[in-house]
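Q: Below is a structure I'd like to ask you about.
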Amino acid sequence: MTTTKRLGPEPKATEDEVLIVAECFGAEVPTFQGEGPSCGHPALFIRLSRCNLTCTKCDTKYTWDWCRFDQRKESTKRSVAGLVAWAASSPVELVVITGGEPLIQQARLVPLALGLLAAGKRVEFETNGTIAPTPQLVADGVRFNVSPKLASFGVKETKSIVPAALEAFVASGRATFKFVASTVHDLDRIAELADAHRLAPVWVMPEGTTPEVITATTRVLADGVAARHWHFTTRLHVLAFADTRGR
Ligand SMILES: Nc1nc2[nH]cc(C(=O)O)c2c(=O)[nH]1
Ligand code: SF4
Ligand SMILES: [Mg+2]
């Protein structure tokens with residue numbers, strides 16, 4: 001086989017091959033997947049900009065709240081090829097694609113996910129569960145951590161709970177449902193939603209951006225989660241790295 005040396009710069013990516021990215025991390029300064037079924041696994045992160053919800057308790061408002069943050073400073077266009085090359089240059093196997101809400105850019109995520117899989121990675125999406133995944137995105141090696149937002153998270157459930165999208169995630173066979181909770185009352189609401197939409201497996205994660213709040217909330221929630229035979233996850237990056245941006 002002959003190889004052709006490319007002369008000059010990389011060809012410019014077309015709009016179809018470009019994603020709006022808030023930040024990529026985990027390669028230069030290593031970290032773990034801090035949440036959910038892969039908690040504790042070494043991971044790379046691609047955080048996409050933009051969200052279709054406006055939760056008051058959101059901890060990544062720099063992906064969508066342009067009253068507080070400068071959109072031009074907080075987002076960059078990155079080519080799919082460049083993102084795959086970035087991930088491929090690291091030995092870390094798991095790539096977490098988060099946001100914001102990553103599935104807003106779903107069409108362009110298909111080549112990204114397929115490129116990452118071809119490079120030997122596995123892929124987890126952190127999604128709010130309001131946008132159904134297309135069949136092309138539901139590939140072997142891809143998982144969805146679906147995090148439907150409760151009213152107590154500061155969003156109207158008429159916006160955050162989209163039954164058809166939740167049903168599509170259930171049907172994918174590749175989703176876990178990871179609810180952020182602060183109180184035992186939140187657990188009752190999670191049970192109602194899980195029953196109504198047949199969501200399984202259910203994971204509960206304590207809300208909080210400090211180790212103190214996470215520990216206190218873990219103690220509030222643990223008995224109720226255990227009694228329902230649900231799964232529990234902490235937020236390891238908050239405990240380990242004090243919720244530093246880029247960890
Ligand atoms: N270490 C680490 N793990 C994470 N898992 C989900 C994250 C997110 O922001 O979606 C996240 C994050 O921001 N950092
Ligand atoms: S869905 Fe997630 S990223 Fe979007 S506003 Fe709510 S917490 Fe923030
Ligand atoms: Mg986070």
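Glycine too: its Cβ is placed from the backbone N, Cα and C atoms.
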Q: For the substrate site, TrEMBL lists Phe32, Gln33, Gly34, Thr98; sort out which one of Arg47, Arg50 goes with them.
A: Arg47
Q: Please report the three-state DSSP label of Thr98 (substrate binding site).
A: strand
Q: Mind giving me a neighbour count for Arg47 (substrate binding site)? Other Cβ atoms within 10 Å of its Cβ, every protein chain shown.
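A: Excluding its own Cβ, Arg47 (substrate binding site) sees 21 Cβ atoms within 10 Å.
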Q: Does DSSP give Phe32 (substrate binding site) helix, strand or coil?
A: strand
Q: Can you name the binding-site residues among Phe32, Gln33, Gly34, Ser147, Pro148, Lys149 whose CA is within 10 A of the CA of Thr60 (Mg(2+) binding site)?
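A: Candidates kept after distance check: none.
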Q: Within the set Gln33, Gly34, Cys55, Thr98, which binding-site residues show a CB-to-ligand 1 distance under 6 A?
A: Gln33, Gly34, Thr98
Q: Measure from the Cβ of Cys55 ([4Fe-4S] cluster binding site) and count the other Cβ atoms within 10 Å, all protein chains considered.
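A: For Cys55 ([4Fe-4S] cluster binding site), the count of other Cβ atoms within 10 Å is 19.
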